[in-house]
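Report on one structure; see the data block that follows.
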């Protein structure tokens, strides 16, 4: 906690234009390696921690306090929301930065952005390298931890006519042993 205070407050994105509801991830989930039930993950940070270790330490229900495989699933994979699958093993976002994923209006894919502790939006590896070079206090942030790999949009959960926009106001991100999954729209 002290380290976070020294670096600065977590990034709060400064949006020039609002993103329509349902195009940002609002729920994170991980699939149990044993029972295959989906468990809602409380925060993006916790989700990224699970995803970064998924290959060597698969998620299971017992990793959530008070949870077991005997409990019903927290959330079901269905078309009531748009789901996106994340790749397991992606690194955690460096401290002080915020990774943002935005679903395109046509539901074809997601775009990845990073917000700096000052709120500046970075769209590419070159922009990140330039920011780190210009701000020596962030030189310890490993450039390899800024990953622009985007989750796969699960076509069977996309609304029938994406041009009309989603009838669902949210998105969920999830992770399983073979892949991490994120959901986008409720």
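Glycine is treated like the rest: Cβ placed from N, Cα and C.
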Tell me which of 22-77, 78-133 corresponds to the zinc finger entry in Swiss-Prot.
22-77
For the motif 'MBD-associated domain (MAD)' (31-69), report the average pLDDT of the model, please.
96
